[in-house]
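Colleague: When I checked Swiss-Prot for this same protein, it listed these features:
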BINDING   22, 23, 24, 25, 26, 71, 140, 195, 307  substrate binding site
SITE      71  site 'Transition state stabilizer'
């Protein structure tokens, strides 16, 4: 059984639950209107904006879950790390600087917690909150933002493995507090994002991805929190993620969900290539149907994308996919 799946399945009896990565974003005209000329950081710290943006998912798409409108860098407020968006993330961090998590998350994250309390009253569906998994957040910190190869992180990892392990441990402790605080405010489930894991050689995957996520999830399970783990990886590494004890595993589009579902009996979420949403609608539905056929009888399946919806995606295409899935299954 999967607590994450059961939570979402409670919303529908006729079809597998459906929600999407980055289901609220630049591809939505109402989102663009809501954001206006605000900077991203200002927008992410505006309680009213967080509420209104989060509500766009269920109101425009009729999905079975909402995900809090925030950023994976929002947690850095709790570590007193300076960051901004220009437009991509820029982080001011040195592995040599003191790095501890706040003892007062209620105050530091009041803008998020107030939004969650409001959303709990307004949403017709469960609210998912999220965080970067430990390795991914470490990559962003050491490289100072997003990177194609995370060369600074990999160099630091190889030269200073003990310091890197300590950084991972501190991230685990802080992330657990960050997410538990949001759950206490009224969120229903957690999604973890291991988005930088493709950078690791297979020989290091268990040490830096599987094991840190297992440790983090164990802390969340102290409060019986439903957890889904998204991970960018190839099939050979995906199987090791069973050891994390996540309720639901969510591979990106590199993994053949049709093949792995034959070898696993656990809750799976995913993993339609977001590029498919760009197709003309007739071709779009052809690919969605082909994706769904082998999964119709798979228990504990949650329909989702294999990465975030692309900014150039037509809103009506996303609405069509959600409607189609809910009618067909």
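Backbone N, Cα and C define each Cβ position, glycine as well.
Quick one: where do these features end up spatially?
Modeller: Taking all protein chains in view, 14 other C-beta atoms sit within 10 angstroms of the C-beta of residue 26 (substrate binding site).
Its Cβ placed at the centre, residue 71 (site 'Transition state stabilizer') has 16 other Cβ atoms within 10 Å.
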Colleague: Taking 10 A as the limit, how many CB atoms besides its own sit near the CB of residue 307 (substrate binding site)?
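Modeller: Other Cβ atoms found within 10 Å: 20.
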Colleague: Within 10 Å of the Cβ of residue 140 (substrate binding site), how many other Cβ atoms are there?
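Modeller: Taking all protein chains shown, residue 140 (substrate binding site) has 24 Cβ neighbours within 10 Å.
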Colleague: Round to the nearest Å and give the CA-to-CA distance linking residue 307 (substrate binding site) with residue 71 (site 'Transition state stabilizer').
Modeller: 15
Colleague: Return the residues near residue 22 (substrate binding site), defined as same-chain residues 6+ apart in sequence whose C-beta is under 8 angstroms from its C-beta, sorted by sequence, else 'none'.
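Modeller: For residue 22 (substrate binding site), the qualifying residues are 305, 308, 309.
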Colleague: What does the structure give for the C-alpha distance between residue 71 (site 'Transition state stabilizer') and residue 24 (substrate binding site)? Integer Å is fine.
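Modeller: With the alpha carbons as reference points, the distance is 12 Å.
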Colleague: Looking at Cβ-Cβ distances, which residues of the chain lie under 8 angstroms from residue 24 (substrate binding site) while being 6 or more apart from it?
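Modeller: Within the chain, residue 24 (substrate binding site) has Cβ neighbours under 8 Å at 31, 53, 54, 56, 57, 67, 69.
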